[in-house]
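Undergrad: Pasting the feature list from TrEMBL:
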ACT_SITE  216  active site, proton donor/acceptor
ACT_SITE  292  active site, nucleophile
DOMAIN    73-367  domain 'Glycosyl hydrolase family 59 catalytic'
DOMAIN    375-489  domain 'Glycosyl hydrolase family 59 central'
DOMAIN    526-700  domain 'Glycosyl hydrolase family 59 C-terminal lectin'
């Protein structure tokens, strides 16, 4: 008993050891869970009896696969997209980009994710930006746009067993034939999705494992059935359908009523379920997933949220997969939901990234389980608060993950978390059946520190000896333990990345690249519309390689996209800046483009964006506005600009004053700017229209 104390000075793990002789002598019981709520007194403490020892309540738990297994485990994953959350990742230089990818996907290294879920780009705003479609127009196919193809290949390169999921948030306009709805012509929508799956295989040798319907929007039974039929027709029987990536209802109820739909849906995916399911979902006997969860700032509280739901989504809700939004916070932090990724990589210009605590919380599960393992049938609630899950591969291996996250230290962004209590406790586990032969368990430990930010993350402790099929563990609050027969766990000791640096204050891009590795220029973050590298074959030479806005119809939207297109770049905290760019209006008569500074918004809030916008129009006029919508007019007049000709715009903002130049000559000046006080630089167009940009330059002070 003397070997089973709390850690010295209360630091580190509370204590591990073989079960006390008296506890181990208890006879085995047939029930899956034994709750013997005792006070053991001071003999468990580090000092003499009665001195410095804290009595801990104890409970016992039995783990036995002999009475049958629980549900099959489907894996832990994360979302890239929904949207543009990996936008800046692709611009990192080596070796930093590969290091980030290793932390996410490499087995037994970091997060070691089992699942990668990506957005099927649809040209519309899907939270933090737009992602380009593989079919902007009905007669257009291009399977090299964006970065999700690249990301899936990098994930597969590191883990060939990783599961891939595709899900649309938005759709290009031609799908709806003028309506903001993808289901009026279900055969068209099915063709579009199937094309993406086939393109993944044909051009990238990627096998898509699961396909979704429409993120967090209405599902359509006729479409889902047609999608299944079309998948089978194209030899894609292995692709499974997840529905409906929204709430448990009404999809669960409809599946119970419609046997044909029940036959074609493989997984019910709910978002932010709060670790709970509903009776109808259980009645379907389908796989239940939390197909989007977390979405929380990635500090210690975010890690606590993630630790709690990774366990309790199964313990409370029978969910066999939990997928985090988002994979990596690789978007400008001042966009909505900044740093809501498992790690942060938002500075490709400096190479800086940060392996946040949620990465190591993920590792507690992912490094010691695999899809295809099974949960044990056991009530995973700890008597003193917190939870545990136990999984086996059916070959004798056993992994137990324990979490004791307190309420205030584990609140996710949604839904609200009802109050509960967690207290220090002792847990005694009895291993029965085939697990009785286990003699040693490897131990990995995390403790989230909310006082001194001195958390212990994914630390390997001394192995735990199992004595006569039992062991005890002292648990303090805000801890995570993994106890496992597997010896493959690893915490990477990689070199530190470069220190953080702000976005360069003097930044230029002439877009002169013949074979760009990606379709979008570095660091530009499209918020409405899509801006792509373009080869202007008709140009005599000065503007052969340009950046072109290519979305010419408002897409089927997921949120309220702006009526104008816009791509932001730079440092949100810029105050004084000069933006210069060559522009080319392609739309006759009512076309128009802008350059802007102090742009204060984007993402799902793009319609309310303020800033200083310098517009020129094909009818020969110009305007200066204080907003993207163009409603707050600060100055207007004649410019002489026409379509199908190159012009150079310059916007200078200093303090409370702004001025503009056209082709190097003053066009307007001394416009008073009251707000916003800071923001990004930006380019864009008056409407969904073709337009080109070249020789972009921003200088901030």
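Yeah, the Cβs are placed from backbone N, Cα and C, and that goes for glycine too.
Just so you know, TrEMBL annotations never went through curation; they're auto-generated.
Let's see these features in context: how buried, what's close, how far.
TA: For residue 216 (active site, proton donor/acceptor), applying a Cβ distance below 8 Å and a minimum sequence separation of six or more within one chain yields 245, 246, 271, 558.
Close to residue 292 (active site, nucleophile) in the fold, though at least 6 residues off in sequence, lie 79, 82, 215, 245, 269, 271, 272, 323, 324, 325, each with a CB less than 8 Å from its CB.
Residue counts of the domain 'Glycosyl hydrolase family 59 central' (375-489) by helix, strand and coil are 8 helix, 53 strand, 54 coil (DSSP-based).
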